[in-house]
Amino acid sequence: MTPIERKRPLASKNAAVKARKRQKIAGGDADYRSTPQTSAPAANGSKVRLDDLEWNEVALPDRLDNYEGFFGLEEIDDVEVVRSATDGRVSFKTAERSTAKSTKKRKASEGQQKDSNTREPQPVVDKPSDGEEWEGFSSDDQDQAQEPKVPAKAAPARADKKQKKKKEHKKGAERANGTSEPRNRGSNAFAGLGDEVQEDDVNTSAWDSLELSQATLSSLSRLKFPRPTPIQSAAIPEILDGHDVIGKASTGSGKTLAFGIPILEHYLESKTGRRKASQASEDTHAPLALILSPTRELAHQITAHLTALCSHSSFDGPSIATVTGGLSIQKQQRLLSKADIIIGTPGRLWEVISQGQGLLKRLQKIMFLVVDEADRLLSEGHFKEVEEILNVLDKDDEDIENDDIDSSAEQQQRQTLVFSATFHKGLQQKLAAKGKFGGELMDKRESMEYLLKKLRFREDKPKFIDVNPVEQMAQGLKEGLVECAGTEKDLYLYALLTHYPNTRTLIFTNSISAVRRLLPFLQNLNLPALGLHSQMPQKARLRSVEQFTARPGSILVATDVAARGLDIPGVQLVIHYHLPRAADMYVHRSGRTARAENSGSSILICAPEEVAGVRRLVAKVHARRGGSDSKYFIRSLDIDRRIVSKLKPRATLAKKIADTENAKKQKKSEDNWMREAAEDLGVDYDSEEFEGDAPGRRGRGAGRRKAERVAGAMSKGEVQAMKAELRSLLAQRVNVGVSPRYLTSGAVDVDALLRGERNGEFLGEVGGLGLEDAPVKG
Ligand SMILES: Nc1ncnc2c1ncn2[C@@H]1O[C@H](COP(=O)(O)OP(=O)(O)OP(=O)(O)O)[C@@H](O)[C@H]1O
């Protein structure tokens, strides 16, 4: 049903404001009061009056100057307009949910209006959501709440919380032993959680020292996370104590929950207070946290992690809005209006903020700003939109109108949490022409200086937590390189994949065109390959990640859009088809495997001239051990050339078919573009004539273009013939010459390999990457 909209009458606005003020003074909140509502909700589908419907105010753009007597819009969903057949009168039929809530709200509001003169003012637990809500409080209350929440002051609050939590723990234990009265379910958000011990819950006593709420502990138990990871152990208490935190820990070490758990704790603790404030002024519902992510996939993944943390519980989880490009902006705007946690990529977030709709002011009230994969977000080339957002949060933007918020107080409220596996300098330094690497990694002092320069922390010295300063690569990671001629990379890629059948593999390239080229190449060879790059439509991107996650032996060919943060369980092998452009990228790409204490392998495919640079790069990454120069020497894996040569005919054919089809697609889209341009200019377009006449058709790329032209000119029949030939090649046994069964002293069963059966001895012989003895969870 489409939403009904109506103009919000001035009188109703004034009444609403007055009611809110009264409600604030009373400190009450109908939905969260412990006294049960006695009024029965209206029957499902009953008719109600227009004013009894649960109207929601529609946000107007922040920068709308002149309302010209227009006070606002309200809208409502799920309402049926019923016209009486007898007298033509219009009434409204609404679902029980809506009617019940509006009845409850009306009753509450009436009750509060009645009681407002007799009740004692009660302090609101959390900070107010706007200046107006301070009315009715003493100046002491105001001072207390507006005081900067510096750690020294936060500590006593933490001490109180500790007492409270100790009691909660004790009660939880009593309940578990059957020594306490069962809790009154429904009396608060945590009610009954301790009672619901499920068979497959795990013991979470290792989390006890963090003093988390029973609700969070139950969630962790159900997620089967028996103990915190080192970064969680170190960061969570500091964040709960109110500190700004810079957290550095290796890939896959659980950084998401290191900030996610404290945010959830804060949400649960302040839920009643926050809801009180927001109930009083629903149109200014302030989010608790803003989490910035460099990629769309990571943003959606953080959402999934936080949702999983909450969905395993019986409390009402926070409302999470994910704001990324490629998906409906209108839908995201709607979610934003009620969001407790906003997770987004800077570009789309800035777009939404710029469009107004009230988000800007609400964002200024956040309690947590999280910058995930911080070095990437804050690096040149990506920083602009982040900077704009930071300006908005800190109210530096002079364009912002109707400014009635005390920005300094708001800024001091906010905790800034920064996480990454690497902090590096010179992200933009690319591989120099002769295979040199840029992208030096920063030490603690440098990264601190860098972040302090870029971010506005509320503390002079945020807590820098580096749980594994001696090693940023995951413990279970094995590394190796395969050397081959630059022109044979495709062939060696195929050979490598053949030796790791049914292995979830992530292949990294440095360009979108390489993804477009490799994907059909591998698919032609009957390999279950998927693609991921930033020019794919967002839905296709999400689908690729979903399918890669769901299908155990699948292969994902991706650009570095997949390098950061993606947590796909059971990725066993990462192949760097193109070398990473910087040391940090090597760390992040390789970090897609060997996550959460699993094992995995990372293999670079290098041209001979690249080998020395790669060795230096990998040694540099490992040199973080104690700061001394590392002797780490990445092993070379010698793939038997006899096998490679046997695989060559099929690889060559698969490549030719892929290139032909790509060239045809390319030609078609170029033709379409040229034809449209010619039509716009009112001239005739003949592609062949254009090709022949075009000047400057020599020089760089001319050879490739010629090959593309030839490939593109191939007939359908020729392509079909190549496909048939490839099919027959793929169906044949590979005759390896010496012995069709065993190569390299009986270590490799090539037929078994080509049948898709694993043979780990192959690499075991030459370098012992140890994939075979790497059990993979998930
Ligand atoms: N305490 C825990 N016990 C077991 N598993 C955990 C725990 N905390 C997180 N995990 C799991 O570990 C995996 C990696 O976590 P996460 O994605 O947060 O890593 P990360 O440090 O952010 O990695 P990256 O640097 O690559 O972004 C996830 O699947 C997560 O569910």
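Glycine is treated like the rest: Cβ placed from N, Cα and C.
Heads up, TrEMBL stuff is auto-annotated, nobody curated it.
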Out of 1-45, 406-450, let me know the one TrEMBL marks region 'Disordered'. 1-45
Quick one: which of 205-233, 640-668 does TrEMBL have down as motif 'Q motif'? 205-233
Could you give me the DSSP helix, strand and coil counts for the domain 'DEAD-box RNA helicase Q' (205-233)? 19 helix, 0 strand, 10 coil
Reported mean pLDDT - the domain 'DEAD-box RNA helicase Q' (205-233): 92
